[in-house]
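K.L.:
Dumping the structure here so I can ask a few things about it.
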Ligand SMILES: Cc1ncsc1CCOP(=O)(O)O
Ligand SMILES: C=C1C=NC(C)=NC1=N
Ligand SMILES: [Mg+2]
């Protein structure tokens with residue numbers, strides 16, 4: 001059933017996003033380690049030139065979903081709505097260039113719907129289309145996604161909060177344990193990261209540090 005706004009807010013605290021293309025080690029081990037470090041939400045984002053496709057992608061998605069189910073960490077699928085429905089994921093994340101949000105909402109029912117937004121108009125549209133949360137960024141420079149919008153810090157989130165827009169928002173882009181607190185101080189409910197965890201010597205330790213940084217602001 002539908003997550004409440006406050007439940008969604010807390011799920012965004014330490015949001016790990018990963019595909020096999022982001023890992024040097026076995027993605028299943030990286031995910032398990034990150035979960036032990038305390039991630040609150042996981043997104044399967046198998047995308048880009050090294051990404052798996054077809055049956056291999058579906059198989060990996062199912063394996064990572066099983067791991068998340070075991071530890072009761074909700075599982076979000078990026079872009080691929082059909083895959084999300086096929087494996088009964090907990091939700092989807094779409095960008096401005098994906099399937100229109102109204103259509104996606106019809107397909108997924110009460111599953112979590114996350115939408116990327118980079119300016120006020122896109123945020124307001126996403127809210128009107130029934131997004132459960134917004135992903136904004138890139139907050140800091142990142143190598144992970146080649147075609148990002150301009151680096152924006154937390155300017156947009158600060159502006160939205162000043163206007164009393166309270167939808168759950170997660171920051172993304174170049175976030176590390178060192179800068180994570182500033183993202184939450186800027187008004188985000190949490191941080192979403194790829195490389196800081198997926199390429200870490202200890203994904204567990206990085207997840208733990210990220211979560212501690214976010215919680216250090218929450219009090
Ligand atoms: C998917 C995405 N959207 C904006 S930046 C980004 C990549 C974030 O990756 P990293 O956490 O490694 O900077
Ligand atoms: C582009 C993205 C922005 N935000 C989030 C949470 N996930 C994404 N894939
Ligand atoms: Mg997309």
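Cβ atoms here come from the backbone N, Cα and C positions, even for glycine.
The 4-amino-2-methyl-5-(diphosphooxymethyl)pyrimidine binding site annotation in TrEMBL covers 43, 44, 45, 46, 47, 78, 116, 145. Taken from TrEMBL, the feature Mg(2+) binding site covers 79, 98. Here TrEMBL flags 15-197 as domain 'Thiamine phosphate synthase/TenI'.
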K.L.:
Taking every protein chain in this structure into account, which of the binding-site residues 46, 79, 98 has the most other Cβ atoms within 10 Å of its Cβ?
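P.N.:
Counting every other Cβ within 10 Å of each candidate, the maximum falls on 46.
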K.L.:
Non-local Cβ contacts of residue 116 (4-amino-2-methyl-5-(diphosphooxymethyl)pyrimidine binding site) (under 8 Å, 6 or more apart, same chain)?
P.N.:
93, 94, 95, 96, 122, 134, 135, 136, 137
K.L.:
Got a sec? Which of 45, 79, 98, 116, the binding-site residues, have CB under 6 Å of any ligand 3 atom?
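P.N.:
Only 79, 98 qualify.
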K.L.:
Using Cα coordinates, what distance in whole Å links residue 78 (4-amino-2-methyl-5-(diphosphooxymethyl)pyrimidine binding site) and residue 98 (Mg(2+) binding site)?
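P.N.:
Each residue's Cα considered, residue 78 (4-amino-2-methyl-5-(diphosphooxymethyl)pyrimidine binding site) and residue 98 (Mg(2+) binding site) end up 10 Å apart.
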K.L.:
In which DSSP state, out of helix, strand and coil, do we find residue 44 (4-amino-2-methyl-5-(diphosphooxymethyl)pyrimidine binding site)?
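P.N.:
DSSP call for residue 44 (4-amino-2-methyl-5-(diphosphooxymethyl)pyrimidine binding site): strand.
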K.L.:
Rounded to an integer, what is the Cα-Cα distance in Å between residue 43 (4-amino-2-methyl-5-(diphosphooxymethyl)pyrimidine binding site) and residue 79 (Mg(2+) binding site)?
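P.N.:
With distance taken Cα to Cα, residue 79 (Mg(2+) binding site) is 10 Å from residue 43 (4-amino-2-methyl-5-(diphosphooxymethyl)pyrimidine binding site).
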K.L.:
I'm trying to understand the geometry here, so how far is the Cα atom of residue 79 (Mg(2+) binding site) from the Cα atom of residue 45 (4-amino-2-methyl-5-(diphosphooxymethyl)pyrimidine binding site), in Å to the nearest whole number?
P.N.:
8
K.L.:
Enumerate in sequence order the binding-site residues 43, 44, 46, 78, 98, 145 whose Cβ-atom distance to ligand 1 is under 6 angstroms.
P.N.:
145
K.L.:
Relative to the Cβ position of residue 44 (4-amino-2-methyl-5-(diphosphooxymethyl)pyrimidine binding site), how many further Cβ atoms are located within 10 Å?
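P.N.:
Around residue 44 (4-amino-2-methyl-5-(diphosphooxymethyl)pyrimidine binding site), other Cβ atoms within 10 Å: 28.
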K.L.:
For the binding-site residues 45, 47, 145, which one has its C-beta crowded by the most other C-beta atoms within 10 angstroms?
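P.N.:
When each Cβ's neighbours within 10 Å are tallied, 45 tops the list.
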K.L.:
Should we count any of the binding-site residues 47, 78, 79, 116, 145 as near ligand 2, judged by a CB under 6 A from one of its atoms, and which?
P.N.:
78, 116
K.L.:
Per the record, 4-amino-2-methyl-5-(diphosphooxymethyl)pyrimidine is bound by 43, 44, 45, 46, 47, 78, 116, 145: how many Å separate the farthest pair of Cα atoms?
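P.N.:
Max Cα-Cα spread across the 4-amino-2-methyl-5-(diphosphooxymethyl)pyrimidine binders: 17 Å.
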K.L.:
State the Cα to Cα distance, in Å, between residue 47 (4-amino-2-methyl-5-(diphosphooxymethyl)pyrimidine binding site) and residue 98 (Mg(2+) binding site), rounded to an integer.
P.N.:
13
